[in-house]
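Scroll down for the structure; my scribbles are underneath it.
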Amino acid sequence: MNSEPSWTATPSPGGTLPVPNATTPWLGRDEELAKVEIGILATVLVLATGGNLAVLLTLGRHGHKRSRMHLFVLHLALTDLGVALFQVLPQLLWDITYRFQGSDLLCRAVKYLQVLSMFASTYMLLAMTLDRYLAVCHPLRSLRQPSQSTYPLIAAPWLLAAILSLPQVFIFSLREVIQGSGVLDCWADFYFSWGPRAYITWTTMAIFVLPVAVLSACYGLICHEIYKNLKVKTQAGREERRGWRTWDKSSSSAVATAATRGLPSRVSSISTISRAKIRTVKMTFVIVLAYIACWAPFFSVQMWSVWDENAPNEDSTNVAFTISMLLGNLSSCCNPWIYMGFNSRLLPRSLSHHACCTGSKPQVHRQLSTSSLTSRRTTLLTHACGSPTLRLSLNLSLRAKPRPAGSLKDLEQVDGEATMETSIF
C-alpha cells in the first residue's frame, strides 16, 4: 500500500476539498459517471451565471441611492457569480480533460479561488442576516449611522474569505499521482495521517456548522421581536378602535382629546417593523433555507468519509458522493430566482411583462406599518372632515404637543428606509 495519503484529484465541489475512498482507478476513471457530472456542472454553470448576471444588470440600472438590502443582494449575487466562474467552471473543464492542465501556480490559484468563493458566499449571507437582525431588533442604531453599519458588514466577508482560503495554496500542488508514473494532477498533500480529517472538519465548521448556528440564533431573535411587535400593534389597534367608538357617542371635544392621546403613542413607535423590513426578512430566510438544503448533503458526506474508517467505497457510493458534492453548487442557482420571486422588478422584461399582463392588479400598500407624523395628521383630518370645529381642535392639539427634534428626525429616517426598501423589494 502506498505510504502517501490516498486522496484523489476529484475535488468537491469544483475541486475545493479532496475526497477519500475513490473508486476510480489511479490512472483511470468511470467515464459514464464523468459524463453525468459534466452534464450537471454545465447546467449549474449556465443557470448560476445567467441568473446572477441578470440580477447584477438589473440592480446596476437603478439610478437612485442604494438601500442596505440593495447592496447586500448586489454583493451576494457577486459571490454566487464567483462560485459559478471560479468553482463550477474550473471543475467542468477539469472533468472534461480528466487531469489538470496547467502549471503548479495555476493549480494553487484555482484551488484558492474555489474555496474563496465558498467562504465569501456563506459569509455574505451571514452578513445579510446580521443586517436584518440590526434593522429589526436595533433599528435606531442602524439608522443613525447607516454607512458605518453597512459597509463593514459587506467588507468583512470578502476579507475573511481571502484570509481563510490561504491554506489551499499550501495544501494543493501539481504532483505525480503515483511516484514515477509521470502522470501529474492538482492534488492535496498532507504530511500527517490525521491531516485530511482535521482539515475537512475545520472547513465544515467554518463554512457550514458555525454560520448555520449564528443564522439560527439571529432568526430566533428576529422572530421574537416580530412577535412582540405584532402583539403591540394588535393592542394599539384595539385601543384606537375603542377610541373612535367613544367619539361616535360623545362630543367633538372628546374626540380631540382621544386623538391627542392616540397621536404620541402612534408616532413615537419608532421601533415598529415596516412591511418592507418583514418582506426582506422573509427573503433572507428563504435564502438561508436554500443554503442549508444545498450544502447539508455535501458536508455530511465529507464528514462521513473522513470519520468513518469503514465508509464503503463501492460504485454506488461513488455516485452518491459525486451527486452530494454537486448539490452545494445549486445554492448559487437558487438565489437569483429567490430575489426575483420577492421582487418582480428583478425579473427579465419578458417575464415581468407577462406577469403584469396575466396577474391581478397591483395592490397599493402603505410604505410603513406605522405612519409618519404627516400621514397620521392627514388620517385624523380625513375622519373629521365633516366638522370645521373638530378640524380646528385637532390642529390646535397637534400644535400644542410638539415632538422633540430627535424623535422627528428618527421618524423621517425610518420612513426613508422603508421607502427605499419598498422600491427594491
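Note: Cβ is positioned from N, Cα and C throughout, glycine not excepted.
Checked against Swiss-Prot, the domain name for Glu32 matches that for Ala320, so both face the same side of the membrane. Among Asn21, Asn329, the residue that Swiss-Prot annotates as N-linked glycosylation site is Asn21.
Cross-referencing Cys137, Cys186 with Swiss-Prot gives Cys186 as the cysteine bonded to Cys107, criterion being a recorded disulfide. At the 8 Å Cβ cutoff, the transmembrane segment (36-59) and the transmembrane segment (323-342) share at least 3 close pairs (sequence separation 6 or more) and count as touching. Cβ atoms under 8 Å from those of the transmembrane segment (72-93) belong to residues 11, 13-16, 38, 41-42, 44-45, 48-49, 52-53, 55-56, 59, 66, 101, 110, 113-114, 116-118, 120-121, 124-125, 127-128, 131, 153-154, 157, 287, 329, 331-332, 335-336, 339, 424 of the same chain, restricted to positions at least 6 beyond its ends. Each of 109-130, 203-223, 285-304 was scored by its Cβ pairs under 8 Å to the transmembrane segment (323-342), and the highest score goes to 285-304.
Using DSSP to sort the residues of the topological domain 'Extracellular' (174-202) gives these counts of helix, strand and coil: 8 helix, 8 strand, 13 coil.
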